[in-house]
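In what follows, a single structure is set out as structure tokens and then discussed.
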Amino acid sequence: MSLHEVFRDCATRRSAALIGYLPAGFPTVPDSVELFRAMVRGDGDTPGCDVVEIGIPYSDPVMDGPTIQAASGEALRNGFRVRQLFDIVSAVAETGAAPVVMTYWNPVHRYGPDAFARDLAAAGGLGVITPDLVPDEADEWLAAARQHRLDRIFLVAPSSTERRVAMTAGAGSGFLYAASVMGVTGARDSVSGSARELVRRTRAHTELPVGVGLGVRTAGHAAEVAEFADGVIVGSAFIDRAGQDGAAGVAEFAAELGRGVGKSSTPAP
Amino acid sequence: MTARDSDASRQAATPGEADPHGHDPDPGGHFGSYGGRFMPEALIAAQDELAEEYEKARNDPEFVAELERLLRDYAGRPSPLTEVERFGAHAGGARVFLKREDLNHTGSHKINNVLGQALLVKRMGKRRVIAETGAGQHGVATATACALLDLDCVVYMGATDTERQALNVARMRLLGAEVRPVDTGSATLKDAINEALRDWVANVADTHYLLGTAAGAHPFPLLVRNLHRVIGEESREQVLRHTGRLPEAVVACVGGGSNAIGIFHGFIDDPEVRLVGMEAGGHGLDSGEHGAALTSGTPGTLHGARSYLLQDEDGQIAEAYSISAGLDYPGVGPEHAWLADTGRAEYRAVTDDEAMHAFRLLSRTEGIIPAIESAHALAGALRLGAELGPEAVLVVNLSGRGDKDMDTAAQYFGLVPEAGITGGDQR
Ligand SMILES: Cc1ncc(COP(=O)(O)O)c(C=O)c1O
């Protein structure tokens, strides 16, 4: 299934897509596969994530707050290597969820953008989210991703001008990642009002689905965001939950969030 | 060819003024395949704003005059060019001239960049300035400009560096800045930059990130270089005045590359002048413990630009090492990458021991205690002088003074029996 189809099916079921992030290899490679599976499984009543964001742990994660920094650092200390990413992607693809990779640009640059796109597509990956690669610098990546039929998921931010939102929407595919606040990743107590406004501005330029991330922590937040966005992205809160309650906790939390975004017998309002 | 060595052919451009010689990057900030903007979208608007404001400012006579006034009356420019004969005797007998950036207010070249950017902050109507610092020189310079221009100032500094540069921490605090030690990653300069970027993305509406070197995303490499070009322009005039000719080589240390690019640009259109950058060789390139991004790194993206950097096979950034905090950085500004590839400039590495030898030598022969960063350039001059012989004229950028390094030097040479001079715990 393509990302396009995932979002279409969620829309048909009148739910937003639930997009969950964890770093690959956190805390170890086998453990992370368990966590990703749990994130998709949910509980007996409600399934979990539709899209799984597999993060490549990176030495210098400038867009990440303390939670993801710590988890990525742990994965690296436990020996995570980029080549192990592809098996993790395959394992996620087998669950039936849509795997995408979230990565800073340098690891891809180093691997070789074309080789990276080729190996990711072969493993069943559908696209890549690039938090520090803007379309202005992405010619090589766009060519590689097109060649290997991967979606190019770029970010828009509250500070993006109309011109940049339009340009970014034009270069992207799959979905657009709307950063809800000006800031780094990390669970927050409330979802900023700027998210709704950014989604509205983005929709004026594109038919692409818009996912909202940064700071979503509870099923309540997820429900709030699902009212105005096509996808709800949760990262740091999954890491916290994994740290507290392991895979069982992640599965349970995914189901709670799933109900939040509208995955139950009662359609979302 | 026109008289390249006559003063009249090359009026020194005013600091911050449009480059009359055309070495600017393309509009996206690319020097060849290097540079650009590998940055979160959230910060692009601020980078655009800065680029636009700088374009206006560099063509605004009022801004240019104000910056000139501050550089002259506050920072003490022009800095002298000092011939060092006794030191030169150890450099194959070459005539060695030191560009005395150590005599600037706050003790290093960093003040040139800081005053220019702080004036831009005022123009943009922002109130808060953040900065990273390694040796503490840029932090001190930033805190100084913020005190002068009434701006709030937060300086991020790796926890390792707050220890080895304790005096500079005290200086920044005295000047009213808040110093935030950073203990993530390697707890040095690169991590301080990461933390500053995280702050910036959250506070960009009222905050300027006053980057301290000619690296980072466009327009920083261009902006910082132009603000330091005054070093090279003065040097060229001065060396012509002293010797009636151009030097064989211009030598500077390279951390992020700001003092080097500044002095190089005074001579970049003089192809007969070799431009030589000295990187931190640490314990030697083979030891893996160094900061020599150009000499032994590979291309990649770090802190917003494509350039050479120290990284592993997976593109994870390696931890740099140098005895000098200001060179302890795994990346380098993109224009240096371009100059290295095109061959216009050459880069070499100097070990801790070579640098410390030059540090003591200059102190003993000339009564000038250099910053350990600058001692890398001096060590380079000792080598180049030996290669080029007594006919050669060398201009060395003495980017800073060594007061901040006395703990490290005392430790290295065993000058003080107990702990360091400041009583800090020295490794
Ligand atoms: C005296 C001195 N020289 C050189 C440097 C290295 O920086 P850059 O390469 O940007 O000149 C520093 C940095 O802190 C410094 O303090």
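In case you wondered, yes, glycine gets a Cβ from its N, Cα and C as well.
The feature active site, proton acceptor is assigned by TrEMBL to A:GLU53, A:ASP64.
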Cα of A:GLU53 (active site, proton acceptor) to Cα of A:ASP64 (active site, proton acceptor), in Å and rounded, measures 15
Relative to the Cβ position of A:ASP64 (active site, proton acceptor), how many further Cβ atoms are located within 10 Å? 24
Using a 10 Å radius on the Cβ of A:GLU53 (active site, proton acceptor), the other Cβ atoms enclosed count 30
